[in-house]
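Enquirer: Pasting the feature list from TrEMBL:
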| type | residues | note |
| --- | --- | --- |
| ACT_SITE | HIS83 | active site, tele-phosphohistidine intermediate |
| MOD_RES | HIS83 | phosphohistidine |
| BINDING | ASP86 | Mg(2+) binding site |
Amino acid sequence: MSNTQEMNEDFEKVIISIVSYSGEAKGYAYEALSLSEEGRFDEVEAMMEQCNVSVRKAHAVQTDLIRQEICGEKIVVSMIMVHAQDHLMTTLSERELIRKMIEQNRRLHRLEQALLNK
């Protein structure tokens, strides 16, 4: 195997890690949303923290790639790179929407509890 092939495989592994961490984060966020629909808000917070940990890992990989490019290294923009970036940005966007939905579920839960306790 040539050095170029090894570098390409290593680069692909780095890119795939962005997809993997982003997918993991998205899964945690949607699990938190499901928990909020059941009123299990203590578990929601823990799940969203797991989401945030995975997002930070994906973002760290992305930031390292940007740093490498700034330092003069040639970063190949491939379809898998575009896919990884799209996956991360979609995850970030969905995480923010899910946070708002969780807060709405929290308010709804409080209102339901208030009505039941009348």
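Glycine is no exception: its Cβ is also placed from the backbone N, Cα and C atoms.
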Enquirer: Sort out the sequence-distant neighbours of HIS83 (active site, tele-phosphohistidine intermediate) for me: same chain, 6+ apart, CB within less than 8 Å of its CB, listed by position.
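Expert: HIS83 (active site, tele-phosphohistidine intermediate) has long-range Cβ partners VAL19.
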Enquirer: Take the Cβ of ASP86 (Mg(2+) binding site) and count every other Cβ within 10 Å, whichever protein chain it belongs to.
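Expert: By my count, 12.
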